[in-house]
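Peer 1: Here it is: the structure, laid out below.
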Amino acid sequence: MRKVFLAGNWKMHYTSVEAADVAKQIVDGVYNINNNVVVMVTPTFTSLCKVCRVTKGTNVLLGAQNMSYENSGARTSEIAPSMLLEFGVDYVILGHSECRTYLGENDEIINKKVLTGLKHPFKYLILCVGETLEEREKGKTLDVVLNQVRNGLASVYESDLQRIILAYEPVWAIGTGKTATKEEAQEVHKAIRLEIQSLYSKSAADNIIIQYGGSVNVDNVEGLMGENDIDGALIGGASLKADSFLKIINKISK
C-alpha cells in the first residue's frame, strides 16, 4: 500500500520568522499522525535555516522549491544541492509550472536537475508535470504530460524511482481556484502510472508516488485521495495557514 504524501508549497510567502511559526504549529499538530501519511513543508530559501530548527527530528519533512543542476560556479541567483543539504532539506520540488513559465525552465533543464539531485542524499525529488488550459482544450493533455514524464526521467534508473515523486499539476488549476475533477485527475494519474510501467516495470508503476496539485483544499482533498492512482497532494494556498493545512491532513489521516 502506497503512503499518502501531503506537501505544502509556500512559494514566495512568509519571512523566516513567520514561516518558522507556521511550521511549529504544523509540527505540533501532526505529532501523533497516522504513519501512512507523510507531511512536507516547502518554505522559501531564506526561511530554510529557521524552519529546519523546527522540523529537525520531527515527522515533518523539509523541502526546497528548486535548485541548480550545478554544484557550484557562476550561477547568479541559484542555489546548489549541497547548500540545501546544509539546512537539512529532505526533498526538492523540480519542474514546477511556475518555474517552467516564469524562469523558462524546459524539460532538458529539469532532467539535468533530477539527475543532479539523485547524486545527492535527498530523500525525495518531486518532479512536476502538467498541461496548460490551451493544451487541454486541444485534447493534448496526455501527450503533453506523458512527454514531460519521459523527458524528466530520461537516464533515471528504476532503482532511483523510490526517491522520485511525480506531481501532476494542471497549469490552469494552479492558484486559480479551479481544480480538475477527481475523475479528470484520476485519468491523468492512471496514464502516468501506465507510462511508468511501460518505461520501467509493473512493480515500479505500482510503487511510485503520484501527487495531484492544483487548488487542493479541505473540501476536495478527500475525493481526490479516494481515487486509485492519486497518492497525495502538492498544496499551495491551503497550506499557508496551519489550521487549513492541518484540516486537510487530519481529513486524510483519520
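In case you wondered, yes, glycine gets a Cβ from its N, Cα and C as well.
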Peer 1: Starting from the substrate binding annotation in Swiss-Prot that includes Asn9, Trp10, Lys11, Gly175, Gly236, Gly237, which of Ser155, Ser215, Ser253 is the extra site residue?
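Peer 2: Only hit among Ser155, Ser215, Ser253 in Swiss-Prot's substrate site, alongside Asn9, Trp10, Lys11, Gly175, Gly236, Gly237: Ser215.
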Peer 1: I'd like the number of other C-beta atoms within 10 A of the C-beta of Ser215 (substrate binding site), please.
Peer 2: 20
Peer 1: For the recorded substrate site, enumerate neighbouring residues of the same chain (Cβ within 8 Å of the Cβ centroid of Asn9, Trp10, Lys11, Gly175, Ser215, Gly236, Gly237, site residues themselves excluded), in sequence order.
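Peer 2: Residues close to the substrate site, other than Asn9, Trp10, Lys11, Gly175, Ser215, Gly236, Gly237: Ile174, Ile235, Ala238, Ser239, Leu240.
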Peer 1: Would you identify which of the recorded positions Lys11, His96 has the most other C-beta atoms lying within 10 angstroms of its C-beta?
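Peer 2: Most Cβ neighbours within 10 Å: His96.
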Peer 1: Tell me the Cα distance separating Glu169 (active site, proton acceptor) from Gly175 (substrate binding site), rounded to the nearest angstrom.
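Peer 2: Pair distance, Cα basis, whole Å: 11 Å.
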